[in-house]
Amino acid sequence: MSGTDRSQAAGAVPDSDPGLAAVSSAYQRFEPRAYLRNNYAPPRGDLSCPDGVGPWKLRCLAQTFATGEVSGRTLIDIGSGPTIYQLLSACAHFEDITMTDFLEVNRQELRLWLREEPGAFDWSVYSQHVCLIEGKGESWQEKECQLRARVKRILPIDVHRPQPLGAGGLAPLPADALVSAFCLEAVSPDLASFQRALDHITTLLRPGGHLLLIGALEESWYLAGEARLAVVPVREEEVREALVRTATRCGICARTPMPAHLQTGVDDVKGIFFTRAQKKVGV
């Protein structure tokens, strides 16, 4: 990972597709705590490093939400994995947030943090950093309290299904915005599956709503404990093309390389991308 939440939404899906079946099987060995140690503890979790991917991701999100152009009432985080950092800036702008993941072990990790239970991963360094870059005078405790209050549900998801959240109607749809960090490329065996997964999640978004994607560039594998998980390597232009095909306008696309000192042997990621896209109206 590159700070990459790829545990997120590994679908079991269609049994007739051996590639997707292999992805689902591999993710049964996913270890959330190993993943968090690899990517959110130092050195990658050292947010004081100016060229680190952690500060870059948080800055992209904070600057996007600071524009006021990405807002509404409902937001769905697609494939949350065991992480919450991707919502620290979003929670000031959306009062109803749904977190999702394919794996129960990741959903349990999220519940530990939301309930402030013993043994929960400590995200306070990330919360402090977001408060610093937002510059609103908010304490990190207030930031975390707001996020906990605004996450209304944690649901199973399978991005390889045409209805990723199923037909139960447990989340208010369509959502005003979607966030997805290090999910689609990590659970898709090839670019065609990546495109279909993007098409599927976009059905959850209202026309005119925004989709924020963070992901890994040119990565083929990463480690999460005993699990060595395959990733479909994507380039920035392929992400752009996929967004165009799924009837969204890609307004912002940025990238940053993975610094050499953060190439720690837990993946082969080359860089990180951030995109902001808007679903077209009337298509």
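Note that Cβ sites are derived from N, Cα and C of the backbone, with glycine treated the same way.
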### Message
Using only what Swiss-Prot says about S-adenosyl-L-methionine binding by Tyr35, Tyr40, Gly79, Ser80, Tyr85, Asp101, Asn106, Asp158, Val159, identify which of Ala181, Ala192, Ala216, Ala230 is listed for that site too.
### Response
Ala181
### Message
Just to be sure I understand the packing, how many Cβ atoms besides its own are within 10 Å of the Cβ of Glu219 (octopamine binding site)?
### Response
26
### Query
Near the Cβ of Val159 (S-adenosyl-L-methionine binding site), how many other Cβ atoms are there if near means within 10 Å?
28
### Query
Tyr35, Tyr85: which of these binding-site residues has the highest Cβ count within 10 Å of its own Cβ?
Tyr35
## Note on the structure
Counting every protein chain shown, other Cβ atoms within 10 Å of the Cβ of Gly79 (S-adenosyl-L-methionine binding site) number 32
### Query
Max Cα distance spanning Tyr35, Tyr40, Gly79, Ser80, Tyr85, Asp101, Asn106, Asp158, Val159, Ala181 (S-adenosyl-L-methionine binders), Å?
25
### Message
Using only C-alpha positions, which one of Tyr35, Gly79, Tyr85, Asn106, Val159 is spatially nearest Asp267 (octopamine binding site)? These are the binding-site residues in the record.
### Response
Tyr35
